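The S-adenosyl-L-methionine binding site annotation in TrEMBL covers THR85, ASP105, ASP135, GLY136, SER152.
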Amino acid sequence: MLSQRVVHSLLGPCVRRASTHFGFEEVKEDEKADRVRRVFTGVADKYDLMNDAMSMGIHRLWKDYFIQSLPLRNNAKMLDVAGGTGDISFRALRRFPRAHVTVCDINEEMLRVGEQKAKDDEKVDISRLSFVVGDGEKLPFDDDSFDAYTISFGIRNCTHVDQVVREARRVLKPGGLFACLEFSQIHPALRTVYDAYSFQVIPVMGEVLAKDYNSYKYLVESIRRFPNQTDFAELISSTGLKDVRYENLSFGICAIHTARK
Ligand SMILES: C[S@@+](CC[C@H](N)C(=O)[O-])C[C@H]1O[C@@H](n2cnc3c(N)ncnc32)[C@H](O)[C@@H]1O
């Protein structure tokens, strides 16, 4: 009979849990989603305020431009994954007033803040919005359901980025549009100043405004761990999406990647 130690050494490599990154920390893959969930549960009520403070309001311009650049019909059926507090979906409805936008996020708190904002804003037609709790890696929607899939500042928080894009492809109708707005790799000439601001100022701002240093430290680190523009474009192509393009915003602080099913 095999001793316990031999059985363990034979099975060990098979049962060992894969690891991934959570910012600059190595964590077990099955722990990351929960760590990310706790980050956004903690900051949900201060999320919009912090975005304005950290980016000096520039995130609004990036999001405006993102939505303005989408080539969609007025009555498009859209899915905004990792939609959080609704910044993308509300803009989409302003630009495409006959669209319907499903806002999907893994975090109920972020959606709760978003839904309340929609109710409080008379310019948002809430009948054209649905809020659905769901994981971008395993979307609760049928194949070929949407004309457009958007994800803004969300994908780098997911454990398996390739699986998120595969799910996007699955739920898009043939010819449907994939559009991702995400932090990316800044032009090297600006990196030193950008890094100093990111690592030394943003977590402190997080502590002062949201009483949460670590979540904003994670935010900055997660940006550095995300693939650069070309690597992400290759990843998107590898899922079978076609016509992959990207455009840098603010010298590559972030980038818009688009593709078609
Ligand atoms: C930085 S916020 C972005 C919110 C919004 N899209 C925006 O641009 O302001 C990231 C969001 O991703 C969500 N998220 C993280 N992992 C997710 C996953 N696996 N599936 C769906 N949403 C996820 C978080 O709950 C959070 O609301």
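Each residue, glycine too, has its Cβ placed from N, Cα and C.
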Long-range Cβ environment of GLY136 (S-adenosyl-L-methionine binding site), under 8 Å and at least 6 residues apart: VAL81, ALA82, CYS104, ILE106, ILE151, GLY154, ILE155, CYS158, VAL164, GLU167
Spatial neighbours of ASP135 (S-adenosyl-L-methionine binding site) that are distant in sequence (at least 6 apart) but have CB under 8 A: ALA33, ILE106
Mapped DSSP class for ASP135 (S-adenosyl-L-methionine binding site), helix or strand or coil: strand
